[in-house]
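Peer 1: Got a structure here, written out as structure tokens. Questions coming.
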There are 2 protein chains.
Amino acid sequence: MAAKTKRKEGGKLCDGLAGFTRSELYENAIHRTLRINQLKKEHNWTQEDFDIAIRCLNYEVGFVIHLSMFIPAIERLATDDQKAKWLPLAESYRILGTYAQTELGHGTNLMALETTATFDPRTDEFVLRTPQLSSMKWWPGSLGKTATHAIVLAQLIIGNKNYGMNPFMVQLRSLEDHMPLPGIIVGDIGAKLGANSNDNGFLILNDVRIPRENMLARNSKVTKDGRYIQTSTNKANYATMVLVRLSIIRWAEDTIKNGSLIAIRYSAVRRQSSLQAGGPEMQVLDYQTQQYKIFPSLAASYALFFTYEAMMKEYEIAYAQIMRGNNQLLGQIHGQLSGLKAFASDLVTYELEMCRRSCGGHGYLKASVVGETLLHTLPLVTVEGDNTVMYLQCARYLLKQIAKALAGQDVDEPTSYLKKDILSYTCPVQKGEHCTNPNYLLKIYTQRAHSAIASVARQLQFDLESGKDQSSAFNNNLVSLVQAAKAHCQLCLMKNFVESVSALERTCSENLASVLRQLCLYFGLHGIVTASGEFLESEAIGLQQLEWIKAEELKSLAAIRPNAVALVDAFDLHDQTVMSALGRYDGNAYQHLFEAAKREPMNQTQVPPAYYKYLRDLIKGQPLAKL
Amino acid sequence: MAAKTKRKEGGKLCDGLAGFTRSELYENAIHRTLRINQLKKEHNWTQEDFDIAIRCLNYEVGFVIHLSMFIPAIERLATDDQKAKWLPLAESYRILGTYAQTELGHGTNLMALETTATFDPRTDEFVLRTPQLSSMKWWPGSLGKTATHAIVLAQLIIGNKNYGMNPFMVQLRSLEDHMPLPGIIVGDIGAKLGANSNDNGFLILNDVRIPRENMLARNSKVTKDGRYIQTSTNKANYATMVLVRLSIIRWAEDTIKNGSLIAIRYSAVRRQSSLQAGGPEMQVLDYQTQQYKIFPSLAASYALFFTYEAMMKEYEIAYAQIMRGNNQLLGQIHGQLSGLKAFASDLVTYELEMCRRSCGGHGYLKASVVGETLLHTLPLVTVEGDNTVMYLQCARYLLKQIAKALAGQDVDEPTSYLKKDILSYTCPVQKGEHCTNPNYLLKIYTQRAHSAIASVARQLQFDLESGKDQSSAFNNNLVSLVQAAKAHCQLCLMKNFVESVSALERTCSENLASVLRQLCLYFGLHGIVTASGEFLESEAIGLQQLEWIKAEELKSLAAIRPNAVALVDAFDLHDQTVMSALGRYDGNAYQHLFEAAKREPMNQTQVPPAYYKYLRDLIKGQPLAKL
């Protein structure tokens, strides 16, 4: 039954549909990945073609970690000899890999990981061990049932000395029969809210021995006689981590595009009530409250698109430098992308839920897909570094920058505003119509970020000077530090939006430019209104400005309305990518919902098995069997 | 396999666990309902005992609509003769019922429902018909596979005249073999994000004939010769609708209790990093940012508890009046509970997601249950009236009240503050320490609500006077109307919290009172900070007050910390109710997570079936079978 339904759906993985077992979901993801690999060969796709195919499949594919982390980690952490050995095997899928870092008891604080790799000079081996329950590796993708090998991050121990985290290539399963090797206990960590086709796994290592040459030794190595030698300070692995954060911004963009597309198309189809007695029912998209619910996600889609593009350019410059051994831009790109990863994922998880609500009750149906999209997006706020920790990393970077600025030193370009005299600010909005100038709004965002950063820096300084120890001074300011980082990130998005639209204006038609300007303006206005308390507090605006901005925000809803459907159509997402009954291009939402219901496995019989088991006796007044 | 796992889990319905089919989930819910019905008889439970059992099962039971809507609707809509016929059948489960109102194309706007019941005087029957796709009944609980009967809401047509919505008892399935009767197409609407044990259904009626006496005729009836006679204006059915909204507040309270309990217990177990170099890892609950994430849900749990209790008292008074034919309090209770249903469900869905995030990556595991709780809670924002519409109903009530106040007339007690002179306000907080007085905060909330309501009333008036037609004037103020309703609701919560704690102080120990006062204070401070822009805008506070309030909010986090675990233990929720690996009373979160993973069906074999199908050939470099 399940398999048949899948075929009808064109191979769509309806993750979490209770009719599908995890095994089926898992198998399907592997199937589709092998198939697109075939297609890649058959049609001679470039890597870019392949990446687009993956996006078209909403990232619902297998071997994700093998491709996105295992192979890149070999490339960046292995010596040339090691690469020559492992890369061909990995690239031809003769071994299947994962990257095993996070443990049951530790994630974000990498330094505290408990797994050890102890060098045994007698046998020239490392002995890998997860010493207690909390040390088992937990979460790595494809670890549960797929991976034959893992790059295991472990504390390197030589003698009694801990040399810190190092990467080790560990074979997990026999290449003959896929059985776990001796000393290895491995399995799936259980069902999740989404992404159930992925066999995220656990791994217990009970004194597993690997040859010395399995330590990936590009940056440091252990000699036969047990000496630890650092051979390079190349930061390429940091760059990978930063790249993953960047890719989360892209993921967030893709996901909110899906959400806003579904919400806007359905809201143009759905009709409800009328504000005029006896008038025809209105499209719900015409209600101010509905626009207020959905247009933020539309604006966020475009804002994240422009921010991803801009940050990718910055990343490429930084990466090229890093590969040449120049780490000058690493702090900047790391600080920026830590914050933006958190801000983007916070933004889209919030807005996706608004999209879901805007579909009314039907948004709770899996066939609407908007809820499923939310479920797949929820992990973005914790993966690859919990958002709070990410904001704090960004905040630490901002604190360093403002300290430099105050000391009259140069600061990085993205924080150059910290060099300004904060007191010389006058709000550029001095009458109502000034609110329609995105550049004025940008100045407001800049002042607010500057003020938030300066204020927490001052408070920290004050706390330290009044004798608080560093840890409690820091802890007492964590909330403000997060807010400062958010203010900076929100500014980045607004800045990228404004600058990208300005650049486009030079090449695109005035009609198109004015639509994008309108959306950008709305993004700026809405951002101020949603955090109006903080903007007022920073005195970037006053009460009069807020009144104008709020009025202009509402006006801009009406201005966006005529272009809203076209703005999501412009995402150029095929129905088979979005897979939503509500968000179809043809607008036949009700028909598609009904078709989806007919495919529900429970509907394949008129009378459910529970009738014969319980309901029949109940209805007929017969005594029930022992329950 | 699935069944075995279920037994081990003590009959827990792990809804959405991909290992369970919808049929299994459905069957289990029926099983447990029949079992608790047996227990009720065996142990002579009162209705209150029974309701507590249902809450202990997290409402995951079957026949919910039969008990909560079908039977009550008969009681309130049927004549005595009809009751004598239907109630004994329903109460003994000889018929199983649902309440079929919502349609595929219409929910909240009941007046536009399309199903018709046309009187045929020749046969003395009504002919029920869902004339088009959008008219099919869609969503009613238990409709898909369980219900033998439905109370169908339909437009009554006599001759060519429409007499509006009326309730009709329609038999859907044969009592012999449970097959749908002629003219009836019925089924399940498909998988949802949660609540998958419930067979929410669709219903197409193709000229289904029912005898005239099947129109539930307590309020109006049709005579044999086709005359429509209204016999009563009893508003008991409205009272039911209002009661359902009240029950959603209770549901929201239960749900956020679960969430805050899981988040707080786990945060006391989880350790991460240290703010002191080389210090031991801290309990994450000691971080200011973690407290900032979770304590709002703790405070909300208590706030909703007190508000439910207070509103239940108000409801009981109103209901008693209504049953005596006095509808004086109906507008007040309807206005209040419409808004509070929306506010409570908004609040808890937001805070539950914060609880989930506070559990880090593990919050994404189903075994954590905090995510599952969120999924079960999401529909609360759209069921029984979409929240936006609910806020607008509340806002309409508030507009009426302020109009009365301005005209010097009496207003209802909950809105008595609208009688005050809004201009005579001075912020009661005039120095930092004033922020610790909840009564001062209450005055701030009051002024802000008053200001928001007065402001939108003024704007509406202005728009109408400047010549806008009513519909566009209204549409242009929808967002402000929603904000005004929210301000009033937030005030209600704060007021109930403050007053309930004051009342308790007279009877409980000072130790307990001070803990509750602290939590109440925090609730008040936090509420102002999260909507600080609106509080500033209304001039209920100024920038100086906001600074004091923010500082005091952060201080109160530290004050709550020592009591946080005890405050959730006080909910007295058994592990078997919460069912969370992370939130266990014993604190062994990691052990329970691992135990849950071991039960994952995919872990019952070492090598997955997909290995033999795909991975083996891939790893061994064999050509793959056609994909």
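We count from 1, first residue shown onward.
Each residue, glycine too, has its Cβ placed from N, Cα and C.
On a predicted model such as this, the values are computed, not experimentally measured, just so you know.
Residues or ranges marked as active site, proton acceptor in TrEMBL: A:Glu384. Under the heading FAD binding site, TrEMBL lists A:Thr102, A:Gly141. Annotated domain 'Acyl-coenzyme A oxidase N-terminal' per TrEMBL: A:20-95, in sequence order. Residues or ranges marked as domain 'Acyl-CoA oxidase C-alpha1' in TrEMBL: A:238-399. The domain 'Acyl-CoA oxidase C-terminal' annotation in TrEMBL covers A:437-620.
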Peer 1: Give the number of CB atoms, excluding that of A:Thr102 (FAD binding site) itself, located within 10 Å of its CB.
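Peer 2: Excluding its own Cβ, A:Thr102 (FAD binding site) sees 21 Cβ atoms within 10 Å.
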Peer 1: Counting each residue once, how many in the domain 'Acyl-coenzyme A oxidase N-terminal' (A:20-95) are helix, strand and coil under DSSP?
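Peer 2: For the domain 'Acyl-coenzyme A oxidase N-terminal' (A:20-95), the helix, strand and coil counts are 57 helix, 0 strand, 19 coil.
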Peer 1: State the count of C-beta atoms found within 10 angstroms of the C-beta of A:Gly141 (FAD binding site), not counting that atom itself.
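Peer 2: Excluding its own Cβ, the number within 10 Å is 24.
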Peer 1: Around A:Glu384 (active site, proton acceptor), how many other CB atoms lie within 10 A of its CB?
Peer 2: 19
Peer 1: Rounded to the nearest Å, what's the C-alpha distance separating A:Thr102 (FAD binding site) and A:Glu384 (active site, proton acceptor)? Just drop the number here, would you?
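Peer 2: Spelling it out, the Cα of A:Thr102 (FAD binding site) and the Cα of A:Glu384 (active site, proton acceptor) are 10 Å apart.
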Peer 1: What is the average pLDDT across the domain 'Acyl-CoA oxidase C-terminal' (A:437-620)?
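Peer 2: PLDDT averaged over the stretch: 96.
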Peer 1: Between A:Glu384 (active site, proton acceptor) and A:Gly141 (FAD binding site), how far is it from one CA atom to the other, in Å?
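Peer 2: It is 12 Å, counting Cα to Cα.
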Peer 1: Going by DSSP, is A:Glu384 (active site, proton acceptor) part of a helix, a strand, or coil?
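Peer 2: SS state of A:Glu384 (active site, proton acceptor) = coil.
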